[in-house]
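Participant: First, the structure itself, so that you have it in front of you.
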Amino acid sequence: MTIGIVSYGAYVPRYRIKIEEIARLWGDDAEALKNGLMVYEKSVPDVDEDAATIAVEAARYAMARSGVDPSRIGAVYTGSESHPYAVKPTSTIVAQAIGATPEMTAADFEFACKAGTAAVQACMGLVGSGMIDLGLAIGADVSQGAPSDALEYTAAAGGVACLIGRKESELAAIIEDTYSFTTDTPDFWRREGMPYPEHGGRFTGEPGYFKHVTNGAKGLLEKLGTKPEDYDYAVFHQPNGKFPSKAAKILGFTKAQITPGLVVPKIGNTYSGSCLMGIAATLDQAKPGDRIFATAFGSGAGSDAFSITVTDRIEEIRNRAPKVSELIKDPVYIDYARYARHKGKIRLA
């Protein structure tokens, strides 16, 4: 059975803070940070934006592109590590907002930055089994980094929704196959009640990101019998600009393959939306017949790899909602004081 992406929608808040502004406050070397991270600014949510509102915006854009009746959606799954409620699903909020309730199922997913792709896989399973007609998978975050922590330079806000289906006439992209690689690796964590996550810093790269991304990618390539040169585009999880570039080089993908989907330099790491944002940016410009190789990563740790082929229908739906490039342009820059207010970093005892 053929399963794939019927539609997709992305959302990025319009506010930005430059690396120089954060570095100025903490006395850090902005140029060294920009060169090391390959990130120059990051998105910031408005004071009334959270993972739920971002998920709703992305879902609405996905529905606008699709043109399908929302009552056909049998499942809404939202992946995030910044759900606004500890007990109250984000996914029910989204489902109600797009008119998909009540004859459907919903749940929230968590797996650090790959919760969104985990939701995609769950929807693929339900759609493929025939249990549901369409499934909506979302990755959305308003990620947090403690003041002066290295994460503060990249932790951003944004989200992507993917409508998963099986009717070939409706598919804008076919998901040929998927492969996951998972271990128990404590590279990044946040306990209940902690306002900010903790991490192993520079020592998390090899045992966390690179081990899982390369093994997940190699696993799918071997499963399909394909090679990097068989793909027109490649997308890897983007905690910064340096890691996906290095992963691509290790695996044999070229800079030309990853550049179209590499959005982290302009918006930062959108966590659960990161890999999906790269896929969305790539779908915004891919041609029918193009192949996309994508690998998401989530700390804790695991990776989800996907092989995707774009269909003729992409030309029909692409311009029905804003492209990622359109969401990124014309940002409103703010200083650290306003950033702290937007991010809720100013707390009264």
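Note: Cβ is positioned from N, Cα and C throughout, glycine not excepted.
Pulled these from Swiss-Prot:
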BINDING   ASP29, ALA30, CYS113, THR154, THR204, HIS237, LYS246, ASN269, SER299  (3S)-3-hydroxy-3-methylglutaryl-CoA binding site
ACT_SITE  GLU81  active site, proton donor/acceptor
ACT_SITE  CYS113  active site, acyl-thioester intermediate
BINDING   ARG202, LYS242  CoA binding site
ACT_SITE  HIS237  active site, proton donor/acceptor
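Help me picture these features in the structure, burial and contacts included.
Facilitator: Residues near CYS113 ((3S)-3-hydroxy-3-methylglutaryl-CoA binding site) in space but far in sequence (CB under 8 A, at least 6 apart, same chain), listed by position: GLU81, ASP141, HIS237, PRO239, ASN269, TYR271, SER272, SER274, CYS275, ALA296, PHE297, GLY298, SER299.
According to its DSSP assignment, GLU81 (active site, proton donor/acceptor) is coil.
The Cβ neighbour count for LYS242 (CoA binding site), using a 10 Å radius over every protein chain in view, is 16. For the recorded site, LYS242 (CoA binding site), the DSSP three-state label reads helix.
The Cβ of HIS237 (active site, proton donor/acceptor) has 29 other Cβ atoms within 10 Å, all protein chains considered.
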Participant: Any idea what DSSP makes of CYS113 ((3S)-3-hydroxy-3-methylglutaryl-CoA binding site), helix, strand or coil?
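Facilitator: DSSP assigns CYS113 ((3S)-3-hydroxy-3-methylglutaryl-CoA binding site) to strand.
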Participant: Counting all other Cβ atoms within 10 Å across every protein chain shown, which of the binding-site residues THR204, SER299 scores highest?
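Facilitator: Ranked by Cβ atoms within 10 Å, first place goes to SER299.
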Participant: I need the most crowded of these recorded positions: ASP29, GLU81. Count other C-beta atoms within 10 angstroms of each C-beta and give me the top one.
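Facilitator: That would be GLU81, with the most Cβ atoms nearby.
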Participant: Listed (3S)-3-hydroxy-3-methylglutaryl-CoA-binding residues ASP29, ALA30, CYS113, THR154, THR204, HIS237, LYS246, ASN269, SER299 - what's their greatest C-alpha to C-alpha distance in Å?
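Facilitator: This binding site's residues have a maximal Cα-Cα distance of 27 Å.
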Participant: Within 10 Å of the Cβ of LYS246 ((3S)-3-hydroxy-3-methylglutaryl-CoA binding site), how many other Cβ atoms can you find? Include all protein chains, please.
Facilitator: 16
